[in-house]
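To start, the structure itself, in structure tokens.
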Amino acid sequence: MNPSKVFVFLFLVLSSAAIFPGSRASDPDALQDLCIADTSKGIYGTKVNGFPCKEAANITAADFFFTGLANAATIDNSVGSTVTPANVDKIPGLNTLGVSLARIDYAADGGLNPPHVHPRATEIVFVLEGELDVGFITTANKLISKTIKKGEIFVFPKGLLHFQQNNKDKPASVIAAFNSQLPGTVSVAAALFSSSPAVGDGVLARAFQIDSQEVGEIKSKIAAKKK
């Protein structure tokens, strides 16, 4: 990884809303310099579209700092990938700022970030290591896909179904940037087959044109392997 390239990439992503007058972050613009997330207040405290604000006297540099993306994460699940978020839950200083990052690590030989959507953000990924097959599906059911390599970038539009898979024999990793402090993730398979309460077998059987026994088998596999 070339540190200068990563710096330029992140700088452009995080500052784009300020550079272009006609653009804006997905989250509402902040009306104050800082609003450090104070989760200790729960539902109380001054409310914004996010978390209540910490008292100014209690703000420290630690509210803006995170080391969690520095190293590859352990992959111990059935799909072969691990997402390490750097969002407002990890960095309280991101509250109201409309940006966040994540690191995604993929196992060799098929490591998959399964089809999912981010309801509150567009995603842009920068390949740190390896090679990935990536794609998203439009509302017209058109697949837009490409193989991306180290140093390359790919964009997934807000709210569209997308995925990444490592089909090479070496691990891969990316840094992902989002125009939301908490983009949210809905993984299609997990949402449909392991929700609580459960989606009815009849609904799933008809939607996927399979029988109830097959629905049960899929549910049992996802529940057993879910991490």
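Backbone N, Cα and C define each Cβ position, glycine as well.
No curator has checked TrEMBL annotations; they are predicted automatically.
Note that this is a predicted model, so its numbers are computed, not measured.
Under the heading signal peptide, TrEMBL lists 1-25. Summarising the annotation, TrEMBL assigns disulfide bond to Cys35-Cys53. The annotation domain 'Cupin type-1' is assigned in TrEMBL to 67-216. Marked as oxalate binding site by TrEMBL: Asn113, His118, Glu123. The Mn(2+) binding site annotation in TrEMBL covers His116, His118, Glu123, His162.
Distance from the CA of His162 (Mn(2+) binding site) to the CA of Glu123 (oxalate binding site) is 10 Å. The two recorded residues, His162 (Mn(2+) binding site) and His118 (oxalate binding site), have Cα atoms 9 Å apart.
Distance between Cα atoms for Cys35 (disulfide bond) and His116 (Mn(2+) binding site): 30 Å, as a whole number.
On a Cα basis, Cys53 (disulfide bond) lies 34 Å away from Asn113 (oxalate binding site). Geometry remark: Cys53 (disulfide bond) versus His118 (oxalate binding site), CA distance 25 Å. Sparsest Cβ environment among the binding-site residues His116, Glu123 (other Cβ atoms counted within 10 Å): His116. Surrounding the centroid of the Cβ atoms of His116, His118, Glu123, His162, where the record places Mn(2+), the chain contributes additional residues within 8 Å, namely Val117, Phe136, Phe156, Leu160, Leu161, Pro183, Thr185. Same-chain residues that are not part of Asn113, His118, Glu123 yet have a Cβ within 8 Å of the Cβ center of the oxalate site turn out to be Ala102, His116, Val117, Val125, Phe156, His162, Ala176, Phe178, Pro183, Thr185.
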